[in-house]
Amino acid sequence: MAATGEALTPQGYIQHHLTNLHVGEGFWTWHIDSLFFSVGLGVLFLWLFRSVGKKATTGVPGKLQCFIEMIVEFVDGSVKETFHGRNPVIAPLALTIFVWVFMMNFMDMIPVDWLPWAAGLAGITHLKVVPTTDLNITFSLALGVFVLIIYYSIKVKGVSGFVKELTLQPFNHKAMIPVNLLLESVTLIAKPISLALRLFGNLYAGELIFILIALMYGANLALSALGVTLQLGWLIFHILVITLQAFIFMMLTIVYLSMAHEDH
């Protein structure tokens, strides 16, 4: 149903759920819902982990403290196994990426009509609640990682070392500089693009499947019953998807930053 109460066609229903609440036009379009949920979940993550950290005890920990300690130890172990340099920033960065991306992905577990319906009561016509189904968000995350790759590459290797890496690899000959530069530039640029598109594609597809299943509820009793079964099955499978995508984004970030710290 639209916020105005008008019945939507299946095509209109899908389009309605895939349209962001936005202001502005063209390049200067701001997706208000994506910004709200991504920033809000980021603040929630910081508050939650800071609160648990301040209340942490050496005695018998509570369930929440145990859960968060388990996440921290898991991420710390992943960093130690993958990152071969020395940088105290990498582990906190990896933890932030993993938990933040997971929380944004987890919004996909909320039934597709609940929050848009509630927003419609307040006069908000469109609301996308999963930030990682917005290409602007995934590219922003990937761009942040890309900036860190360039920064640490120059910091560790120096400007001359970074330039040599781009121009003298894989073929160590001056005559091959144009070829090397082309190959290395494509490889470098492909890193943030693949990070962004992989996360976006998987979550967008998952959201679209939830929307298609939700359409079945408005058909007939048999399709509604089938929709319940399909939604439950996809919900269980999607828990694995959203966790795996957060893990992959984190691990690739660690790998790329580890490569940036390798001084050839």
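Using N, Cα and C of the backbone, Cβ positions are placed for all residues, glycine too.
These features come from Swiss-Prot:
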type     : residues : note
TRANSMEM : 29-49    : transmembrane segment
TRANSMEM : 90-110   : transmembrane segment
TRANSMEM : 134-154  : transmembrane segment
TRANSMEM : 177-197  : transmembrane segment
TRANSMEM : 208-228  : transmembrane segment
TRANSMEM : 235-255  : transmembrane segment
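Distant neighbours of the transmembrane segment (90-110): 37-38, 41-42, 44-45, 49, 71-72, 75-76, 78-79, 83, 129-133, 137, 141, 148, 199, 203, 206-207, 210, 235, 238-239, 241-243, 245-247, 249-250, 253-254, 257; these residues of the same chain sit at least 6 beyond its ends, with a Cβ under 8 Å from one of its Cβ atoms.
Residues 10, 13-14, 17-18, 108, 111-113, 234, 238 of the same chain, all 6+ positions outside the transmembrane segment (208-228), place their C-beta atoms under 8 angstroms from a C-beta of that stretch. Counting residues 6+ beyond its ends, the transmembrane segment (235-255) has Cβ neighbours under 8 Å at 75, 78-79, 82-83, 90, 93-94, 97-99, 101-102, 105-106, 108-109, 132, 141, 145, 191, 194-195, 198-199, 202-203, 206, 210 in the same chain.
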